[in-house]
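Trainee: Please see the structure below; I have some questions.
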Amino acid sequence: MTELEARELGLYTRISEMEPMMAENGELEDLAARILAKSAALGAQLPEVTQASMREFLRIINSYYSNMIEGNSTHPIDIERATRKDYSSDPAKRNRQIESIAHIDCQRRIEEQLTIEPDIEITSKNFLCWIHKIFYDQLPDELRWVKNEETGERLEVIGGELREADVRVGTHVGPASCCLQAFIDRFHQRYRMRSHGVYPIITVAASHHRLMWIHPFLDGNGRVARLYTDAAFRKILPGYGIWNVSRGLARNRDRYYSALSHADAPRKGDLDGRGNLSLQGLEMFCRFFLEACIDQIEYMSGVLKLDGLLERIKGYVTLRTLNLAVTPTGIAASKMRPEASHLLQEALLRGEVPRGDVSRITGLGDRVARSLVSSLLQEKLLISPMPQGGLRLGFPMHAVEYYFPGLYPPTNSDSV
């Protein structure tokens, strides 16, 4: 289809039709300033070593919530099992587990790439297509096809390739496929990170919507937009990764979709900006998005307050001493020694505990102390970067639901 033919069909073909691309007002600036301050403070609450351990399990949580928005509700317990290659015997559930693992791998590889190449242009076509490719290349064949609702035609989603078909998502019709390159180029030009302070935070919010509006791929646009958002926030926000916006969006899924739809709308008269699309709609979306960020930072700040977290670790060990708490699959249920709480709490506070300190911390003899360490390592309640190395606090899913109440729904009856 030519650009002229697309225009005659009413499709977006001119990059000016994506304007306005920014929403700037005092309210949004205030929200962004709060995010900057609160995220930095959150990042200072725990030792960096403990934060690194937390990021491992939080990738699972982020995968759960981002995929839940798209209809994949695989529980974090089942996602964790999939990280150990423990898949469901049900093909549909197995595919959903694989999809969740693909999301986790994307998060990890994005983080690695940002470390290797901190100045990488995350708004570029190359980066966005790379995210899409590494996600879709890991999916089973059954999840790599979409159906054209108007024609019934099945179309294969090729990882990393811009769509060659025109699309409708709800009431929104994406830009003509023949013009996608121009829209992606404009996206990169307008949203590349070149300033400091609060404006990049508002930019991330606005660009999240406009990337969804462009709908560059046949499928997977929501996940790519949220992974792109993760990358953007990692570049500009200290503390990001200890909190994540996907949980806030998923917990308010209907409002998220409603806000996206409002920002899709055409301009409503002379008091609604000067662009083709609604400025008020974009401002509404950015406000919702930034408020979701603040909600998540405040939630994590609350559950990471030391007094409360130390007490919940102690409470979990107490439940285990009474055989009243969930134990991990594949490990025989056994009562936990109460002294374990002292060791886990110390690992939280110090980041890493030398093995030679275990007897002193627990008050146990060397042999019993070694046995306790072995059992905690087996359950990944403690982790070590190397054999006989220092001991760090681990966050296996069977303990996370006690350490961080409300982080994700309780274990469901459908778990594999």
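Glycine is no exception: its Cβ is also placed from the backbone N, Cα and C atoms.
Dumping what TrEMBL says about this protein:
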- His215: active site (ACT_SITE)
- Val169, Gly170, Thr171, His172, Asp219, Gly220, Asn221, Gly222, Arg223, Val224, Ala225, Arg226, Tyr256, Tyr257: ATP binding site (BINDING)
- 123-291: domain 'Fido' (DOMAIN)
Trainee: List the same-chain residues at least 6 positions away in sequence whose Cβ sits under 8 Å from the Cβ of Ala225 (ATP binding site), in sequence order, or say none.
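Mentor: In sequence order, the residues whose Cβ lies under 8 Å from that of Ala225 (ATP binding site) (at least 6 apart) are His208, Leu211, Met212.
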Trainee: Would you mind listing, in sequence order, the residues at least six apart from His215 (active site) in the same chain with a Cβ closer than 8 Å to its Cβ?
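Mentor: Non-local contacts for His215 (active site): Arg163, Val167, Val169, His172, Gly174, Pro175, Asn221.
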Trainee: Express the predicted model's confidence over the domain 'Fido' (123-291) as a mean pLDDT, rounded to an integer.
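Mentor: Value for the domain 'Fido' (123-291), mean pLDDT as a whole number: 94.
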Trainee: Near Tyr256 (ATP binding site), which residues of its own chain have a C-beta under 8 A away, given they sit six or more steps off in sequence?
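Mentor: Looking at Cβ-Cβ distances below 8 Å from Tyr256 (ATP binding site), excluding near sequence neighbours, one finds Ile69, Leu249, Ala250, Phe288, Ala292.
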Trainee: Long-range same-chain neighbours of Asp219 (ATP binding site), Cβ under 8 Å, sequence gap at least 6?
Mentor: Val146, Val157
Trainee: Under DSSP, is Val169 (ATP binding site) helix, strand or coil?
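Mentor: Strand, per DSSP.
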Trainee: May I ask you to report the DSSP-based helix, strand or coil state of Asp219 (ATP binding site)?
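Mentor: The residue in question, Asp219 (ATP binding site), is coil (DSSP, three-state).
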Trainee: Would you mind pulling the longest C-alpha to C-alpha span across Val169, Gly170, Thr171, His172, Asp219, Gly220, Asn221, Gly222, Arg223, Val224, Ala225, Arg226, Tyr256, Tyr257, which the record has binding ATP, in angstrom?
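Mentor: Farthest-apart Cα atoms in Val169, Gly170, Thr171, His172, Asp219, Gly220, Asn221, Gly222, Arg223, Val224, Ala225, Arg226, Tyr256, Tyr257 are separated by 21 Å.
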Trainee: Go through Thr171, Asn221, the listed binding-site residues, and name the one with the sparsest Cβ surroundings, counting other Cβ atoms within 10 Å.
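Mentor: Minimum Cβ neighbour count within 10 Å, taken over the binding-site residues Thr171, Asn221, occurs at Thr171.
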Trainee: My understanding is the cutoff is Cβ-Cβ under 8 Å with a sequence separation of 6 or more in the same chain; which residues meet that for Arg223 (ATP binding site)?
Mentor: Ser66, Asn67, Glu70, His103, Phe135
Trainee: Give the number of CB atoms, excluding that of Val169 (ATP binding site) itself, located within 10 Å of its CB.
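Mentor: The answer is 15.
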Trainee: Once the DSSP letters are reduced so that anything not helix or strand counts as coil, what is Tyr256 (ATP binding site)?
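Mentor: DSSP call for Tyr256 (ATP binding site): helix.
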